[in-house]
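**Q** Mind looking over this structure? Questions follow.
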Amino acid sequence: MKNSFYQEDEILNNKLSNRGFLLTKVDDVIGWARANSLWPMTFGLACCAVEMMQAAASRYDMDRFGMLFRPSPRQSDLMIVAGTLTNKMAPALRKVYDQMAEPKWVLSMGSCANGGGYYHFSYSVVRGCDRIVPVDIYIPGCPPTAEALIYGLMQLQKKIKRTTGFKYDSRQTY
């Protein structure tokens, strides 16, 4: 059962929308803008990066979702970690993550990025990039398809739309 406040808000919204008005909250507008203008930065480490390139190509066209790949971490708000993360590469991943401006999100793509994958028991592999950076969305598969990546990005957009306020930090420790 919905709260009476939300029911009144819905009734008012319906009445005004019939007359050509739009009634919204600033949080909703900010969430909509953030979700529909993601600028991902690729951190392609292995074969999952090929699927990521396929998702950005003309057949799937991630640009239609408002996503534009950026070469610099200072210009991007989404990091897609695709592939096997080694112990030598982990400090570089953390450094790039720290250079990103807030709000920032991380998407872990593939079994290797999620938990080490096929190389889980190797001495040189980090068993999941979530040990180095906080991850918002996990995409399973070896390698995951371009459709799975786009589905994961759409789930991230839903998550971003649910956030409120100007500052986003779901990883606060108390």
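Residue 1 is the first one shown; counting continues down the chain.
Glycine too: its Cβ is placed from the backbone N, Cα and C atoms.
These numbers come from a predicted model, not from an experiment.
Annotation source Swiss-Prot lists [4Fe-4S] cluster binding site at Cys47, Cys48, Cys112, Cys142, citing sequence analysis.
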**Q** Can you list, in sequence order, the residues of the same chain other than Cys47, Cys48, Cys112, Cys142 whose CB lies within 8 Å of the CB centroid of the [4Fe-4S] cluster site?
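**A** So the extra residues in range turn out to be Ala46, Ala82, Gly83, Thr84, Met109, Gly110, Ser111, Ala113, Gly117, Gly141, Pro143, Pro144.
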**Q** If you count other Cβ atoms within 10 Å of each one's Cβ, which of the binding-site residues Cys112, Cys142 has the most?
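**A** Per the Cβ count, the most surrounded site is Cys112.
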**Q** Hey, does DSSP put Cys112 ([4Fe-4S] cluster binding site) in a helix, a strand, or just coil?
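**A** SS state of Cys112 ([4Fe-4S] cluster binding site) = helix.
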**Q** Using all protein chains in view, find how many other C-beta atoms are within 10 Å of the C-beta of Cys47 ([4Fe-4S] cluster binding site).
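**A** Cys47 ([4Fe-4S] cluster binding site) is surrounded by 14 other Cβ atoms within 10 Å.
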**Q** With H, G and I counted as helix, E and B as strand and the rest as coil, say where DSSP puts Cys47 ([4Fe-4S] cluster binding site).
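**A** Its secondary structure by DSSP: coil.
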**Q** Measure the Cβ-based neighbour count of Cys48 ([4Fe-4S] cluster binding site), defined as the other Cβ atoms within 10 Å of its Cβ.
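**A** Excluding its own Cβ, Cys48 ([4Fe-4S] cluster binding site) sees 27 Cβ atoms within 10 Å.
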